[in-house]
Amino acid sequence: MANYFNTLNLRQQLAQLGKCRFMGRDEFADGASYLQGKKVVIVGCGAQGLNQGLNMRDSGLDISYALRKEAIAEKRASWRKATENGFKVGTYEELIPQADLVVNLTPDKQHSDVVRSVQPLMKDGAALGYSHGFNIVEVGEQIRKDITVVMVAPKCPGTEVREEYKRGFGVPTLIAVHPENDPKGEGMAIAKAWAAATGGHRAGVLESSFVAEVKSDLMGEQTILCGMLQAGSLLCFDKLVAEGTDPAYAEKLIQFGWETITEALKQGGITLMMDRLSNPAKLRAYALSEQLKEIMAPLFQKHMDDIISGEFSSGMMADWANDDKKLLTWREETGKTAFETAPQFEGKIGEQEYFDKGVLMIAMVKAGVELAFETMVDSGIIEESAYYESLHELPLIANTIARKRLYEMNVVISDTAEYGNYLFSYACVPLLKPFMAELQPGDLGSAIPEGAVDNAQLRDVNDAIRSHAIEQVGKKLRGYMTDMKRIAVAG
């Protein structure tokens with residue numbers, strides 16, 4: 001099979017990369033009704049599979065789970081989760097032939113095997129759904145022409161999809177229809193109903209394309225969302241310890257620092273995160289972030305280039321064929337790093353202390369978010385898509401590190417994200433070592449003293465922070481979410 005994106009001509013590539021439209025709430029007036037009375041069969045019962053299924057059932061849809069015979073016979077975790085939550089469970093042969101919509105929510109590396117197994121069983125005119133388009137775009141999976149292919153991609157982990165639904169809201173979601181597979185022209189109606197059934201329409205839905213979702217998703221997770229956090233954790237910990245900081249304190253400052261810092265990012269973007277610093281610290285964080293952007297820009301661009309060309313995907317799929325040798329080696333090496341094996345600090349670190357003593361970490365977040373966003377936009381991805389795949393998801397990933405360090409992050413994210421994370425972090429750590437050697441007192445582990453600042457310089461820095469394109473689009477999208485949550489709660 002050929003990489004689907006690479007079969008398109010340049011005009012088609014640019015059109016699909018640039019497809020992104022924020023959909024109005026009125027476009028979801030019919031809710032999930034288009035799928036009511038139809039049979040929806042989910043393949044896979046992991047975090048997305050289970051939690052999307054719970055939401056869809058609560059929205060009035062007929063949901064069941066198709067699992068492999070071995071998973072049922074051996075009563076594996078997927079079988080237990082589905083049955084314990086009261087769902088009908090059966091084999092592919094038992095459930096797929098009756099399905100109007102088959103939703104493939106298995107890991108990326110299983111998609112080809114799953115699709116080859118279920119496609120011959122699907123009835124004429126059925127629909128096939130994904131929550132990530134890797135199999136269609138990068139693998140180039142060929143789907144029968146009578147089958148409609150759609151995507152609903154919540155921009156949050158599965159647990160968050162469920163919790164927000166239970167609160168009467170939802171999570172921002174991308175939806176798309178594969179242009180090669182919409183024989184009856186009903187793809188958008190199916191995708192909208194599925195998104196509404198998960199609650200996504202209450203938080204904001206972007207009409208996108210399989211191509212735009214895949215290319216932006218890969219870029220975000222490899223760079224700022226996972227790769228930058230991993231590289232930053234390892235570099236900052238080693239720097240602190242080398243300068244005499246207690247390893248336990250250093251570990252806690254970093255492990256929980258990312259979450260604390262990005263919570264401000266979540267509420268008010270880079271502007272609010274930077275506003276949590278004193279004026280001297282803000283000026284220093286800005287200067288550091290500009291240095292970091294200059295150093296890391298070629299690395300970010302290389303990742304984007306390799307994603308666009310398909311070089312990244314072909315390399316990762318070669319590792320799949322080699323029993324994940326690279327992935328497993330990198331995972332083992334990460335587990336042995338000094339940061340991962342450091343003792344726990346039993347003392348308390350106050351919220352403001354994370355900001356005051358984490359100026360470098362804030363600079364890394366700012367630089368990484370802006371670089372990821374800028375690089376995606378320069379490659380033809382629309383700003384709204386770039387925002388969701390950079391700034392929006394960062395607090396969610398930072399939260400996984402707060403739970404069990406890098407181990408937890410790499411367990412929670414997909415194998416695709418984990419592989420890309422290692423590619424980036426293994427290149428980024430040595431790239432930034434000379435920069436780390438030139439840091440000043442107050443950049444990390446101690447606070448920058450209060451002092452006079454130049455008013456004109458502070459004004460210009462504040463203007464530069466607030467006028468960045470990601471701050472403009474972020475303010476708009478966060479406003480949509482706030483307004484929609486207010487409407488949802490009131491309703």
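Placed from the backbone N, Cα and C atoms, the Cβ positions cover glycine too.
Look at Swiss-Prot and you will find 15-208 tagged as domain 'KARI N-terminal Rossmann', backed by sequence analysis.
According to Swiss-Prot, the NADP(+) binding site annotation covers C45, G46, A47, Q48, R68, R76, S78, D108, K109, Q110, G158. Residues near K109 (NADP(+) binding site) in space but far in sequence (CB under 8 A, at least 6 apart, same chain), listed by position: W320, D415, T416.
The active site annotation in Swiss-Prot covers H132 and is backed by sequence analysis. Sequence-distant neighbours of H132 (active site) (same chain, six or more apart, CB under 8 Å from its CB) are D108, M151, A153, E213, V214, D217, S414, listed in sequence order.
The domain 'KARI C-terminal knotted 1' annotation in Swiss-Prot covers 209-344. The average pLDDT computed over the domain 'KARI C-terminal knotted 1' (209-344) stands at 97.
What Swiss-Prot lists as Mg(2+) 2 binding site is D217, E389, E393. Taking a C-beta cut-off of under 8 angstroms and a sequence separation of 6 or more, E393 (Mg(2+) 2 binding site) has the following same-chain neighbours: K155, C156, G220, L225. DSSP assigns E393 (Mg(2+) 2 binding site) to coil in the three-state reduction, outside any helix or strand.
Under the DSSP three-state reduction, E221 (Mg(2+) 1 binding site) is assigned to helix. Positions annotated as Mg(2+) 1 binding site by Swiss-Prot, on the basis of sequence analysis: D217, E221.
Per Swiss-Prot, the feature domain 'KARI C-terminal knotted 2' maps to 345-484.
Here the Cβ of S414 (substrate binding site) has 18 other Cβ atoms within 10 Å, regardless of which shown protein chain they belong to. Here Swiss-Prot flags S414 as substrate binding site.
For the domain 'KARI C-terminal knotted 1' (209-344), residue counts in helix, strand and coil come to 117 helix, 0 strand, 19 coil, using DSSP. Around the Cβ of G158 (NADP(+) binding site), the number of neighbouring Cβ atoms within 10 Å comes to 22.
Around R68 (NADP(+) binding site), the same-chain residues at least 6 positions away in sequence with a Cβ under 8 Å from its Cβ are T91, Y92. A straight line from the CA of E389 (Mg(2+) 2 binding site) to the CA of S78 (NADP(+) binding site) spans 28 Å. Counting Cβ atoms from all protein chains shown, D217 (Mg(2+) 2 binding site) has 26 others lying within 10 Å of its own Cβ. Remark: secondary structure over the domain 'KARI C-terminal knotted 2' (345-484) totals 107 helix, 0 strand, 33 coil, with classes taken from DSSP.
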